[in-house]
Structure formats: structure tokens, C-alpha cells
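Colleague: Sharing a structure below in C-alpha cells format, with a few things to ask.
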Amino acid sequence: RGSGLLARQAQASARAHAATGEAEGGLNHVWENERHYLGFGWWPPTILERSNFTDALNASVPQPRSVTSGGEWAVHVDSGTDLDGWQYASGFDKFPKIRGGGRASMRLTDSVRRRKWVQVSELDAALGRLAHLESQMEHSAAGSGSGRWPQRSTSSAPRTIVTDSSLSASPHTNALATLGGSLLQRTDKTMRAIKGFMQLLHSALKDRGLWGMPLDPVSYAVLLNKHAEDVRELQRRTLNAFRRSSASAPDLKGKENEAEEPRLLLKGAALGSQEMDGVVEKMMSASLYARAAYGYPLMAGYLSSMNSALFMGTLKTVQFDVAGGASADAHNKALLQETHLRKCDLLMSEWKNSVCRPCHYVAVDPSRQTIVIGIRGSLQPADVLTDSMADSLEVSFAGVTGKVHEGIFAAATFVHCNTAEVLKAAVEAHPGWPLIVTGHSLGGGVAAVLAMLLREPNGCPESLQERVSCVALGCPAVMTTNLSDACHSYVTSLVLRHDFVARLSAASIDLLMQELVSASPIRNFSEKIGGFFRSLSSRRDSSTAPVHPSSLSSVPRLAGECDNSAASAAQVAARALSNGGATVGTATTSTGEVEKARERGGVIV
């Protein structure tokens with residue numbers, strides 16, 4: 001009994017101390033708790049388990065009054081929560097424990113969730129009510145009833161959102177409204193991406209019959225061996241060209257007997273050891289930034305091998321979506337760990353992606369005195385849809401007009417707009433520092449186009465334009481040759497051996513299908529057998545049927561006029577039909593003569 005009394009006194013003292021500390025700090029908060037009931041959705045937990053609203057010591061408190069209802073309470077959202085401020089766990093006692101990937105998304109084993117309500121000042125409450133009215137007008141125009149704070153922060157700083165208390169009393173209504181608003185915003189882009197991909201697929205297959213499809217599995221192995229040999233031959237020719245370029249360089253003349261200085265052939269220019277060191281250092285640092293853009297999946301080891309990546313994208317998604325479900329805190333922690341940067345060096349990060357809106361971040365590297373924009377490659381379905389928007393779009397950069405990948409250009413435009421304010425602040429804080437834009441795969445293509453956008457007039461602060469460079473790793477085919485030549489002085493693309501992504505395009509796929517059809521042993525054998533029987537049939541017809549004399553003398557004239565062209569032959573036949581007769585070379589015969597020749601068993605060519 002004495003120990004219980006002491007415990008209650010200690011608990012009351014701690015509660016009073018916490019309340020006093022919160023009041024002194026100008027911040028007071030309560031927790032909203034909910035449990036998921038199978039078939040019924042999210043509802044308050046039972047009274048025996050936990051109250052709907054509790055304080056820091058899990059004691060029951062009254063429901064806070066939202067600012068939309070004239071109160072001074074709002075939901076707290078930061079990089080460790082979802083967009084509505086919720087955190088998820090398998091039990092309420094699990095929330096204090098750290099979980100890999102964070103608690104910003106619901107997993108298969110999660111059954112409870114909570115979010116923090118914070119007390120705001122009177123001025124913030126008034127601004128919140130005004131923002132809530134503006135948000136209602138915007139969502140009414142868009143057909144959505146969500147009452148969330150209209151401002152969306154891309155940084156990791158915490159923020160507050162205004163949630164109507166009536167929606168809080170009906171969790172399933174709030175969830176449906178939020179889901180509806182999200183779907184309305186994303187459905188249009190997703191459907192356009194799917195439609196574009198289907199049109200591209202249709203244009204590639206519409207002129208091919210069943211006989212023109214690569215259905216023979218043996219042709220894949222045959223063509224793989226042929227391409228491997230072609231690559232080896234290309235490597236031999238490249239090495240010979242490199243040696244000839246090195247031997248003819250001015251600084252190597254007269255040094256044939258000395259050991260060759262290590263050199264790097266880049267865009268046709270031979271670089272010495274000092275220049276090469278600078279280029280290699282830039283590439284290595286850029287690859288570090290590009291790797292860091294993958295965030296938590298990279299740190300957790302899901303990208304260490306192809307098997308791990310396949311497991312993450314298939315079986316693991318049943319329990320937890322590693323790429324899309326990890327919290328921004330988890331992604332940021334992995335990014336800082338990979339780049340060895342401080343938390344203050346990370347200026348902004350965007351980890352929620354959709355079609356043509358890839359994940360990216362902006363940071364500064366004090367050790368290299370560099371501003372960095374890193375863009376993530378394909379890791380989620382929305383990224384694949386961006387890749388599939390492969391129609392060409394005509395654009396003009398630096399006075400050069402060419403075509404670019406439509407989806408990647410749209411993604412680069414989004415990153416350009418989303419990072420403009422942060423980039424301007426970084427340039428003001430670190431004048432004279434260069435900017436390096438980098439990414440891998442899809443991120444590399446977006447980085448290349450983004451670098452060109454930044455180099456355009458008013459594309460970035462004027463003092464930075466000439467110091468923008470890009471290193472793209474495994475960059476896909478994103479632009480025509482003339483645009484590639486226009487940006488070669490500041491865009492470097494690195495391709496690892498036989499990486500097919502860098503060679504992938506609508507034209508290369510069409511060419512590959514043609515090669516697969518031509519390499520099919522079954523098709524070639526069938527054509528040979530068919531040609532053999534056709535030749536036997538033609539020999540039999542020529543040996544048994546007499547030939548009309550005029551046909552033999554007219555064959556050279558026919559060949560001369562048609563010039564082996566089916567179109568010319570069709571024109572000759574059309575002229576003959578218009579005259580009501582049959583044609584042999586340039587001579588026409590009447591229909592009656594044709595019938596007489598047929599009766600005699602003759603053949604008219």
C-alpha cells in the first residue's frame with residue numbers, strides 16, 4: 001500500500017512537471033489514439049485499453065478543439081509521420097521503440113496508430129482558420145472534401161495541419177476524403193502515362209503480324225552471342241583509337257620508348273594525369289551523391305544485389321513497402337550516412353513520388369565546397385510510368401532544336417521548379433560554389449535535362465549558370481544527337497559495360513525485334529524449306545508448260561522499266577488495266593490474245 005501511494009505521488013509529480021515544462025516552452029500537446037478493426041476501419045480503442053485522447057503519460061484528456069472550430073489546436077506533422085500526422089505500430093507500447101524504416105506508413109502487422117495535437121498561438125490559429133477556408137475553396141473546386149493545411153513543405157522541418165474536428169470524429173470519412181483528394185490529383189497523370197505507353201506499344205506492333213513477332217526462344221540466345229561479339233569488337237576498336245590518339249598527342253611525341261602516361265579519352269580529347277584526377281574525383285563524388293538518393297532501401301541492403309532488389313519489389317511489399325513506406329526521417333538518415341554530411345547540410349528532400357515527380361534532394365558539401373542536387377532512379381511503379389512516357393517532345397536549348405524524352409523532360413521540369421527557392425538560398429549562402437546535378441538510371445536522365453534547364457537564361461541565379469555541371473550514371477537515351485552535342489561540355493555520362501538502360505529507346509526496341517525475328521533458326525529453316533518447294537514448283541511449271549515467244553523477248557524490257565521495284569511494276573500493271581489489256585514490258589495485248597494464249601497453254605509475263 002505504501003509503495004502504491006509513493007508510485008501515485010511520483011506519477012502525479014512527473015505529470016505536473018511535464019505540464020509545467022510544456023507551459024513554459026509555449027507548447028502543449030495530446031495524443032489521438034486509434035485502433036484498426038477488421039472490416040470496420042479505424043476507430044477509437046476500447047476504454048479498457050486506452051482513451052481516444054491521452055497526454056504524455058497516457059492519462060485520458062478531453063478532445064482538443066480544432067482551430068477550424070475556433071480552438072487553438074492543430075495536428076503536428078513532421079518527417080516521421082504521414083501527411084495526416086499519423087504514426088503506426090503493432091501495439092501502443094511499441095511507439096517508443098525505434099523501427100527500421102520509421103512509422104510513417106502502415107505495415108501488415110500494424111493495428112494501432114496515433115498522432116500529436118499541438119496547441120498553437122492565437123495568431124497561428126487565426127492564420128490556420130484562414131488557410132482552412134482557402135483550402136476548402138480549392139478542394140471544392142477540385143471535388144475533394146479534405147480539410148488539410150494547403151501548404152506542403154518539402155523540407156524535414158515539422159509543421160502543423162488543420163483538421164476539422166468533425167472529420168476527426170469519423171476516421172473512416174477522413175481517410176476516404178484524403179484518399180479521394182490524392183486520387184483526383186494523380187489519376188490524370190497516371191492515365192496519361194498509361195495511355196502514352198499503350199500508344200507506343202501499339203505503334204511498335206501494329207505493322208507486325210504473328211510471323212513478325214520474336215516468338216522463337218532460341219533467337220534470344222543466338223542474338224545474345226552475336227551482340228557480345230559485337231561489343232568485344234567495339235572495345236577493341238575503341239582501345240586502338242585511344243592508343244592512336246595518345247601516340248599522336250603533342251606531349252607524347254618523341255617519347256615512344258618511355259612508359260605511357262595514364263590518360264583518359266573523353267569526348268575525343270586526351271586528358272593528362274592531373275586533368276584525369278580531377279575528372280575521376282568528380283565522378284566518384286557524384287556517384288556517392290547519386291547512391292544516396294535511394295535513401296533507406298540502400299542503407300537497409302535491399303539494393304546490394306539483384307536478388308535483394310527483386311525481393312524488395314515483390315514479396316517484401318506484402319509486409320512493408322520499403323521504398324514508398326519508409327518515413328522521410330529514415331530516408332534522410334540513410335542519405336546523411338551515405339554522404340557523410342551533417343543534418344544541417346541537407347537543405348531539402350522530397351521522398352513522396354508520383355508520375356513525372358521523382359524523389360530528389362538538395363544539399364551542400366562543405367568538404368568539397370559544392371552544392372548538390374541528387375535525383376533517385378526507378379524504384380517504384382510511378383517511376384516506371386515516367387520511363388514509359390517515351391514519346392519525343394521537340395524543345396530548344398541554347399538555340400539548338402531537338403527532341404527529348406517526354407516523361408523525363410516533365411520530371412526535370414518538376415525538379416527544376418521544386419528546388420528553385422532552396423537553390424537560390426544555397427547560392428546566396430555559399431557564393432562561388434559550383435552546382436553538380438547527378439542521378440542514376442532515370443535520375444541520370446532527369447539530371448542531364450535539368451542541367452540544360454539550369455543553363456538556360458533565368459534557369460538559375462546568374463552567378464551559378466556557368467558553374468552547373470552534371471554527372472549521369474547509367475543515363476538512358478533522353479535526347480537527340482544535336483542536343484547531346486550541345487551539352488557535352490558540362491554533362492558527363494557514365495555507362496557500365498553492357499548496361500542496356502543507356503541503349504534503351506523506342507527505336508532500339510523496334511530494331512531489336514527485327515534482329516530477333518531475323519535470328520530465329522525456326523524462321524530461317526521454314527523460309528529455306530518454303531523457298532525449296534517454291535523453286536521445285538517453278539521448275540515443274542517451266543518444264544511442262546510451253547512459253548509464249550513474245551514473253552521471252554519482253555522480259556528484258558520489263559526488267560528495265562520496273563527496275564526491280566514493286567511500285568514500278570504496279571504502275572505498269574495499272575496502265576495496262578486502264579487500256580483494257582495485259583502488259584508485257586512496254587507492249588500491251590488485247591484481252592482476246594491473252595485468252596488465246598491461255599488456251600494454247602502459254603504463259604504471259
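The backbone N, Cα and C atoms fix where each Cβ goes, glycine too.
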Colleague: Under TrEMBL, which of the candidate ranges 1-22, 221-242, 331-352, 375-396 is annotated region 'Disordered'?
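Modeller: TrEMBL lists region 'Disordered' for residues 1-22.
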Colleague: If you look at how TrEMBL annotates this chain, which of 81-105, 581-605 comes out as region 'Disordered'?
Modeller: 581-605
Colleague: I'd like the per-state residue tally for the domain 'Fungal lipase-type' (372-506) from DSSP, helix first, then strand, then coil.
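Modeller: Breakdown, helix to coil: 58 helix, 33 strand, 44 coil.
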Colleague: Which value does the mean pLDDT take for the domain 'Fungal lipase-type' (372-506) in this predicted structure?
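Modeller: PLDDT averaged over the stretch: 92.
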